[in-house]
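Undergrad: Structure in structure tokens, see below.
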Amino acid sequence: MDYTHQAVLLEAAIEYLNIKEAGVYLDGTLGRAGHSSEILKNLSEAGKLIAVDRDTAAIEAVKERFSDEESLILAHSNFQDFDQVLSELEVEAVDGMLFDLGVSSPQLDNPERGFSYQKEGPLDMRMNPEQKLTARDIVNNYSQAELEKIISEYGEENWAARIAEFIVKMREEEEIRTTADLVEVIKAAIPKAVRRSGGHPARRTFQALRIETNNELEQLKNLIDKAVAYLKPGGRLVIITFHSLEDRIVKHKFRNLAKDCTCPPDFPICVCDKKAQVKVITRSPVQASKEEKEENPRSRSAKMRVAEKI
Ligand SMILES: C[S@@+](CC[C@H](N)C(=O)[O-])C[C@H]1O[C@@H](n2cnc3c(N)ncnc32)[C@H](O)[C@@H]1O
């Protein structure tokens, strides 16, 4: 089955990347190449796009479509290891980088991947199918306290304590194996009156488990400093997030990287010697237009921030 993905904030992301036609660019989240194909259109034969995804299905789908594209280099890798990919290609620095976080529609739409609360499938949720840890391992092995913390923090779910309690009760009887099994437990934990409002009752818990399974927040934290280190002066780092916790990480990291001295204000002289590494280009995050939000519901929570290497 051919699953597609509609790129979010496409025009704005390309504009902010400020593409030089003979430049070298990194797309750290290839997906179905929505952004990558636009970057390629802006490159001459001398330009290069290195596109990375941790999902082998993304790499395979794009490889076929772009077999004639000489400027495109695909790599199956986690974006936090992009430095290894660059080093294998003998690329020391790039002119711009894009990270469009989260899951792609093909991942969500394929029940076998276990990301969707609307489709029955194995409780998997791994973006990289070669990874060991699955959502099933988390749901069946983490302690009640750990589950509550994840569901509350990453899912911002008010009913986290009850959901964690019900998961533990259910798994004592039988292992929770499928997305449908988990949806049933969540529905049982959330009172009926509450379930009537606020969308699908399993949405927040599934989001939390996806973030934990793929270690998404840690990887984002590790990524930003490294990304800036590999940008050429004037090169742009464009990050699109879909979750308030992710956006907060990007906002704080950018702010910190844009500061000179960070010594306490009562220090008579600077002892940290810190120099700003970037200029923040987007004072507030760029969001999708009303039209894009109507046309592509995934874009509703998208926030894009851009920094430029000094
Ligand atoms: C929102 S989609 C990107 C869509 C893409 N921009 C497009 O327009 O088709 C996110 C993609 O990034 C990948 N991804 C997420 N986290 C990753 C990571 N840490 N390293 C590499 N790829 C990652 C996912 O597997 C998914 O294919």
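A Cβ is built for glycine as well, from the same backbone N, Cα and C atoms used for every other residue.
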Undergrad: Among ASP53, ASP137, which residue shares the S-adenosyl-L-methionine site with ALA33, GLY34, HIS35, PHE79, ASP100, GLN107 according to TrEMBL?
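TA: According to TrEMBL, the candidate sharing the S-adenosyl-L-methionine site with ALA33, GLY34, HIS35, PHE79, ASP100, GLN107 is ASP53.
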Undergrad: Return the maximum Cα to Cα distance in Å (whole number) over the record's S-adenosyl-L-methionine-binding residues: ALA33, GLY34, HIS35, ASP53, PHE79, ASP100, GLN107.
TA: 17
Undergrad: For ASP53 (S-adenosyl-L-methionine binding site), list the number of other Cβ atoms lying within 10 Å of its Cβ atom.
TA: 28
Undergrad: Residues with Cβ closer than 8 Å to the Cβ of ASP100 (S-adenosyl-L-methionine binding site), same chain and 6+ apart in sequence?
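TA: Set apart from ASP100 (S-adenosyl-L-methionine binding site) by at least 6 residues yet with Cβ under 8 Å, we have ALA7, VAL8, ALA13, ASP27, THR29, GLY31, HIS35, ILE240.
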Undergrad: Name, in the order they occur in the sequence, the residues of the same chain whose CB lies under 8 A from the CB of GLY34 (S-adenosyl-L-methionine binding site) and which sit 6 or more residues away.
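TA: Spatial neighbours, sequence-distant, of GLY34 (S-adenosyl-L-methionine binding site): HIS5, GLN6, ALA7, LEU10.
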